[in-house]
Amino acid sequence: MSKLSEKEAFLFDRSIDQFEKGQYSKSLKTIQSVLKKKPKHPDSVALLGLNLCKLHDSRSALLKCGYASSIDPKSQFCWHALAIVYRETKDYNNSLKCYQNALAISPNNESLWYDAAYLQAQLGLYQPLFDNWNRLLQLDSSNLEYRLCFTLSAFLSGNYKESLEQIQYLISSCNLSPLVVSRLISFLPRICEHIENGSQTVLEILLMNQNSFLNNFNFEHIKADFAFRQKNYEESIYLYARLLIKFPNRLDYSEKYLNSLWNFYKSGGLALDLLLKRTDSLIKTFSEILQTGISVLIFLLSKNLDYDFCLNHLISYSMHHFIPSFISLLKIPLKTNDAFSKKLITMLSNFREGDSAKNIPTHKLWCTYCLCLAHYKLGDYEESNYWLNLAIDHTPTYPELFLAKAKIFLCMGEIEEALCSFKRSVELDKSDRALASKYAKYLIRMDRNEEAYIVLSKFSRFRFGGVCNYLAETECVWFLVEDGESLLRQKLYGLALKRFHSIYQIYKKWSFLKFDYFTQCAEDGEFQEYVELVEWSDNLWSSTDYLRATLGALTIYLLLFESKFNMYGNKAEEISHMSEVEQIAYAREDNKKIMKLQKIEEDKIKSYIPSESEEPLVIDEDYFGHKLLITDDPLTEAMRFLQPICWHKIKGWGFLKILSSKLYKLKGIIFCYYALTNNIEGLHQKANSLETSVL
């Protein structure tokens with residue numbers, strides 16, 4: 001490998017400088033002038049690849065950087081460049097491998113260790129992440145960012161005692177802002193949950209640093225939680241009461257206050273009559289907060305205590321403020337407690353016949369509507385419909401009444417009547433997006449997609465492909481799932497795959513959120529926020545919407561694997577019986593139709609003039625999903641949906657597991673096949689055969 005001359009080295013350095021300033025086109029031209037004379041200089045080839053990557057030519061960038069690292073496998077610069085290109089293309093596994101190769105050459109390079117930490121955090125490799133930050137801390141023990149990141153990685157990797165010790169050190173010895181100190185102290189209770197006898201230690205730290213809290217109520221919240229854990233219920237009752245006075249809308253405080261009362265009563269520290277007085281006092285004190293009253297009622301019901309006063313208050317308050325939604329909050333006790341259901345209906349009937357309901361029109365409407373909802377929750381649809389008709393006769397312009405009527409008709413199997421009621425509710429309030437979305441959802445479930453698109457178009461912006469692409473762009477997952485399943489039922493497989501792939505891309509985008517936030521959260525002391533992000537991200541691919549999309553995609557790809565003619569949907573059988581010449585002619589005509597429809601959509605874009613505030617409109621070259629259908633390897637495409645799923649987190653979904661096991665078997669992934677079919681014996685046999693072959 002020849003070295004660069006003095007002039008070439010100068011040009012190489014200039015190209016590096018231009019690259020660091022973001023002048024990628026200039027940097028590219030400069031390095032190309034070097035490569036004209038030294039076409040196999042590895043660092044120059046790698047730099048060329050980096051520029052191509054930044055200029056959005058990732059494929060060429062990977063080829064160049066891969067070629068550079070093959071020319072000189074001992075070049076740290078080449079491996080680093082290849083790692084960056086992989087990282088930019090979000091191939092984090094290969095990027096991390098390249099960083100490891102670079103670190104093997106330059107083990108004391110802080111920049112490489114730092115960059116690798118981002119990848120380990122994204123991939124959930126928390127023990128290597130802990131070791132990584134430990135290494136960086138050894139290289140620069142005075143770096144505050146390194147220590148904060150090391151502390152957070154210690155918690156994530158399960159080294160809780162180390163995390164606790166580091167927080168103590170940070171609070172006592174480092175120059176942190178009051179906000180960061182307050183956040184670190186607030187994170188201590190989360191650590192003590194994992195340390196045996198850690199509560200007392202953490203409480204001592206909290207008391208020593210009480211003045212560090214920017215918000216004293218944050219300290220009292222933590223102190224109250226500690227008191228409850230240590231079964232000091234008298235103290236926790238007092239502290240939660242103080243918190244409720246300050247934050248009356250915090251439902252968790254009212255629930256914890258009630259639990260403290262109950263545990264104090266069970267331990268013999270509180271008489272039953274005092275317990276009931278405390279609950280009555282809670283209702284009276286926060287009489288304007290419906291959620292607090294509901295939580296008290298559910299608490300009294302769950303403990304088999306007298307709840308008449310509470311229920312009377314809730315009905316009276318809801319009647320005077322016309323809040324029928326309180327019935328919906330009682331969904332569980334209505335369905336599981338017959339005595340409560342009968343008492344509620346009796347009380348509502350009495351209020352309806354009372355003087356106040358007769359004198360104030362809205363009171364009568366409220367009572368009638370709530371009786372309808374109560375019977376609906378109990379499954380008595382005829383009685384529910386009777387009361388609802390009375391409410392509609394009283395106030396025929398209230399949209400919620402027609403929405404309730406639509407739901408009742410759906411439960412009774414009267415589909416057309418339900419859709420008419422939905423339509424009427426939307427007409428009464430044309431600006432209600434939520435109401436329109438519910439109507440559209442049921443239209444889609446009835447496979448009346450075009451009507452649903454018209455309803456939703458009133459709340460959409462102009463985009464290529466209309467409302468469907470706009471909702472995909474705005475990550476409206478419920479629409480993509482419902483529309484995809486509807487199109488699948490209609491055997492419009494191309495469009496259905498388009499919806500399911502949109503969901504996959506959305507979830508993939510969400511899964512990358514961890515990448516940028518590790519060091520940011522660590523530096524700001526937002527440990528709790530990052531841990532919550534990790535927990536959310538870990539369950540992302542197990543969500544119901546993604547599993548529904550996966551089930552739909554697998555169904556289509558397995559059909560395509562069975563026969564290529566299934567791509568034609570309802571006409572599959574007819575086309576399969578045609579001669580080869582006729583099939584080719586039909587395919588040609590089908591392609592022409594798709595191209596014509598595609599051109600119509602593109603012409604709409606060309607005639608549209610966007611405003612200055614709007615982003616340029618993007619044309620989808622495969623709007624109808626035709627390219628997704630003509631794949632040569634449908635099984636590999638289907639595997640893309642299965643790869644991120646953690647099956648041990650999924651309960652139920654039997655049909656999805658059956659289709660997945662079929663796919664695994666076809667692809668020869670026997671371990672996954674046996675695991676999904678619960679064939680433990682087959683799993684052991686396969687493992688033993690592999691062990692024997694290795695030996």
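Backbone N, Cα and C define each Cβ position, glycine as well.
Here's what Swiss-Prot has on this protein:
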{"type": "REPEAT", "residues": "8-41", "note": "repeat 'TPR 1'"}
{"type": "REPEAT", "residues": "43-75", "note": "repeat 'TPR 2'"}
{"type": "REPEAT", "residues": "76-109", "note": "repeat 'TPR 3'"}
{"type": "REPEAT", "residues": "111-143", "note": "repeat 'TPR 4'"}
{"type": "REPEAT", "residues": "145-177", "note": "repeat 'TPR 5'"}
{"type": "REPEAT", "residues": "217-250", "note": "repeat 'TPR 6'"}
{"type": "REPEAT", "residues": "262-296", "note": "repeat 'TPR 7'"}
{"type": "REPEAT", "residues": "365-398", "note": "repeat 'TPR 8'"}
{"type": "REPEAT", "residues": "399-432", "note": "repeat 'TPR 9'"}
{"type": "REPEAT", "residues": "477-510", "note": "repeat 'TPR 10'"}
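Model confidence over the repeat 'TPR 6' (217-250) is summarised by a mean pLDDT of 85. Helix, strand and coil residue tallies for the repeat 'TPR 3' (76-109), in that order: 27 helix, 0 strand, 7 coil [DSSP]. Sorting each residue of the repeat 'TPR 10' (477-510) by its DSSP state yields 31 helix, 0 strand, 3 coil.
Assigned with DSSP, the residues of the repeat 'TPR 1' (8-41) fall into helix, strand and coil as follows: 27 helix, 0 strand, 7 coil.
Helix, strand and coil counts under DSSP for the repeat 'TPR 9' (399-432) come to 28 helix, 0 strand, 6 coil. Within the chain, the repeat 'TPR 4' (111-143) has long-range Cβ neighbours (under 8 A, six or more residues past its boundaries) at 76, 80, 83, 87, 92-93, 95-96, 99-100, 102-103, 149-150, 153-154, 156-159, 512, 514-515, 518-519, 534, 538. Using a Cβ-Cβ cut-off under 8 Å and counting only residues 6 or more beyond its ends in the same chain, the repeat 'TPR 10' (477-510) has close neighbours at 437, 440-441, 444-445, 447, 449, 452, 456, 468, 471, 537, 540-541, 543, 545-546, 548-550, 552-553, 555-556, 559-560, 566-567, 569-570, 622-626, 628-629, 640-641, 644.
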